[in-house]
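Asks: Got a structure for you, questions after.
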Amino acid sequence: MGDAMKNAGLILGPVLTVIIGIVCVHCQHILLQCSKKMRTKENSEEYPDFARTVELCFENGPPRLRQWSRTMRIIVNVFLCVTQLGFCCVYFVFVSTNLQQIWKQYGFEINDYLNLLIICIPILLTSLITNFKFLAPCSMLASACMLIGTGITLYYSVDNLPHPSERNYVASWETLPLFFGTTLFAFEGISLVLPLQNAMRVPRNFHRPAGVLNVGMVIVTILFTGLGFLGYLKYGENVEGSLTLNLPKDMPLAQSVKILISLGVLLGYALQFFIAIQIMWPGIQEKYGSRKYPLLGEFAFRTFMVLVTLGIAMTVPKLSLFISLNGALCSTALALVFPPFIELVCNWEGSKGPGAIKLLKNVCIMVIALLGFITGSYESLAQII
């Protein structure tokens, strides 16, 4: 987030981060409300997932839109898969960039491509886990590594801070699209909202005013805003896509942070990858899968997809630009376009419509999101190419 603040400014960045966080959590509540309404109509025990909620909203919406229900489900699933696999590509680049600094510090000169291939081995092994319950220990270890690493990074970030006047309070308007993409990438978690609610013993505790969703988003927003602000204040225009890359290269404690967070990210790859495979594999198995050796077929597909993310990671010149591109392209659509759109569809009752205030609010969110989608994608692609 330090790089995001650089693209917005020391004052404008935190303000926009809080605003984006509020809009994102509002859109997550919209999705929950639409899912609840469709669950009631379908008389289902569980809340439908993201793609199924969109499909049901169109099936029960205006007659002219009902024919698009299946198409919309496919579109949402495509965006979900691309987003999750985009996370995986970012994880490859993140771990590779941090490990490259460690290798160089200890006198090892390793080619970037060879470094990625070395990382691919443990990633591939964890990605072959097909049962989610066996990923739980990986998730716990990853969370512990990230927590400790973030704490030490924060310690370095507050040490010997320069005066705020040395930084830009408001950055150039040309770099704002990059800020938008990076921030949305950081906040993108809407694909997990419905599964988390279904997993809770008392689902209503998830979306109530002081529930899990709101409290969690407040903590995340404070963490992102604080780390981003301190990162840019500390390192200025030299701040990297990950603050770990700015830590001292010759201090053992700083090196341990890079190892801890790299380990956490590496273990987190399997979790992000699992979501994409859960969406893609059933359809592929039905059409092309082997009935005699189904597990072997799934292993082959998982291996292929890991190699695809590896290949994309090898073409990315800079971590921050790929984060911004993924955020602008996919996170924008999932977090800020689909939820307000399906709320309009879901509440379009006869000639009454959803109401003027709700219509204006949702149209404003979608217009701003589409502007960010276009400008963020263009700016990121222009700098990558």
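Cβ from N, Cα, C; glycine included.
The domain 'Amino acid transporter transmembrane' feature in TrEMBL is assigned to 4-379. The annotation transmembrane segment is assigned in TrEMBL to 12-32, 74-94, 114-132, 139-158, 178-199, 211-233, 253-281, 293-313, 319-338, 359-378.
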Asks: Please figure out which one of 211-233, 253-281, 359-378 racks up the most CB pairs under 8 Å against the transmembrane segment (74-94).
Replies: 253-281
Asks: State, in range form, which of 12-32, 139-158, 211-233, 293-313 has the highest count of Cβ pairs under 8 Å to the transmembrane segment (114-132).
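Replies: Stretch with the highest Cβ contact count: 293-313.
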Asks: Cβ under 8 Å to the transmembrane segment (359-378), counting only same-chain residues 6 or more beyond its ends: which ones?
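Replies: Tertiary neighbours of the transmembrane segment (359-378) are 23, 27, 176-178, 180-181, 184, 324-325, 327-329, 332-333, 335-337, 340-341, 343-344, 353.
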Asks: Six or more residues out from either end of the transmembrane segment (293-313), which same-chain residues have a Cβ under 8 Å from its Cβ atoms?
Replies: 85, 88-89, 92-93, 96, 116-117, 120, 123-124, 127-128, 130, 273, 276-277, 280-281, 284-285
Asks: Under a criterion of three or more Cβ pairs within a distance under 8 Å and sequence separation of at least 6, are the transmembrane segment (319-338) and the transmembrane segment (178-199) in contact?
Replies: yes
